[in-house]
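Colleague: Feature list, courtesy of TrEMBL:
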type     : residues : note
DOMAIN   : 44-81    : domain 'LRRNT'
DOMAIN   : 111-162  : domain 'LRRCT'
TRANSMEM : 177-198  : transmembrane segment
Amino acid sequence: MTIHQLFLDICFCPLFSENITTMKIPAAAGFVTLMLFSLVHAEICPLSCTCKPLGEMKGWLVDCSSKGLKEVPDLPVSTRKLYLQNNSMTTVRTGAFDNLHNLEEMNVSDNPWNCDCDILYLKLWLEDFSESSIANIICATPASNERKPLSQLTGNELDNCWKSLPIKCLNFFWRDLALITFAVIVLILTSCGVSYTFTCIQVCVA
């Protein structure tokens, strides 16, 4: 049923159909409530956080620090200042910060970060956001990266990153390697053939 049909059913029912109209009004109210909820859902403050408005049309300060969080909660899209420090987060799901286009300040320090390949999203995102935000990120695990700054780690130092490469990428790698090897062999054989031919010509002339 479309919104237009629902409106007609409520507003233009005959007077003798009072019971039917009375039954349909709650349904319409529920529909409107659902629509309103959908519109404001993106601006709901996470239950475990404290949100403060930063003035008219200036977004939110979202303070989720020291809450024992193990993952990043759903955040208002108009978040401008975000504090997630001193929690129990070990990684950040891919895309967790992608909708925060108005973000100006962020703190995710003092978390027991597990610096394997799953931390790559956070590392790349923070590098694009600001150097100061990633400067205080210290790895807790694995043992090979313990107490190392995340900003100083390369892809080779993030455990299991090589194993996480898509199969297609690996196929392309081996295909390209085979083509390069073949080209080198052909080049060597061609060079040897030219050299042999030149030697034969010299012998014949002599």
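The backbone N, Cα and C atoms fix where each Cβ goes, and this holds for glycine too.
Curation plays no part in TrEMBL annotations; they are all automatic predictions.
I'm curious about the neighbourhood of these features; can you describe it?
Modeller: Distant neighbours of the domain 'LRRNT' (44-81): 87-90, 92-93, 96-97, 99-107; these residues of the same chain sit at least 6 beyond its ends, with a Cβ under 8 Å from one of its Cβ atoms.
Predicted-model confidence for the domain 'LRRCT' (111-162) is 91, expressed as mean pLDDT.
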